[in-house]
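Asker: Checked TrEMBL, it gives:
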- 1-106: domain 'BAP29/BAP31 transmembrane' (DOMAIN)
- 16-37: transmembrane segment (TRANSMEM)
- 74-91: transmembrane segment (TRANSMEM)
- 129-153: region 'Disordered' (REGION)
- 139-153: compositional bias 'Basic and acidic residues' (COMPBIAS)
- 153-201: domain 'Bap31/Bap29 cytoplasmic coiled-coil' (DOMAIN)
């Protein structure tokens, strides 16, 4: 499903500029975070000084309001920065998983084709061996040792191809399992972060 979503033409057009967009948003969020951090430090020090000086309540409330706003901006920009990084990692893992699943399906088809071809050649070999085993009663048999050797070489070649394809299939299967496990770990971390975020709110 994610592979179909990522194959939409809009995403393919955006993918060219994806790194630039990501870096731009990262820089923007870092600037906002640092600005909010500076505001929090500024109004925290003013808040302490005004509290110590016992000034009128309206100025004190105004400083408290600005401190609250700067703290709110700090939390929002910090969580946005963190969740943006998590989102990028999740999209990368989903793309890798979709590619691995596609290659897994292609390798599975290739293995099935190789197995069917090997079975067909084995059946033809057995049929030729039965035909050459002496059932042509009284007739002269032409020398067929070269043909038998050729057939044996083809069978060995097909067996080697089948083993190679099976090894590639197993490797792709292991990679898909590893990527699935990694995506589950990321999802679990993301769920924990969302719980922490909800608790903080």
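Even glycines carry a Cβ here, placed using N, Cα and C.
All TrEMBL annotations are machine predictions without curation.
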Asker: The transmembrane segment (74-91): which same-chain residues, six or more beyond its ends, come within Cβ distance under 8 Å?
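Answerer: Beyond its ends, the transmembrane segment (74-91) has Cβ neighbours at 22, 25-26, 29-30, 32-33, 36-37, 39-40, 183, 186-187, 189-190, 193, 197, 200.
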Asker: Could you give the mean pLDDT over the domain 'Bap31/Bap29 cytoplasmic coiled-coil' (153-201), rounded to a whole number?
Answerer: 84
Asker: Can you count helix, strand and coil residues in the domain 'Bap31/Bap29 cytoplasmic coiled-coil' (153-201) using DSSP?
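Answerer: Counting residues by DSSP class gives 48 helix, 0 strand, 1 coil.
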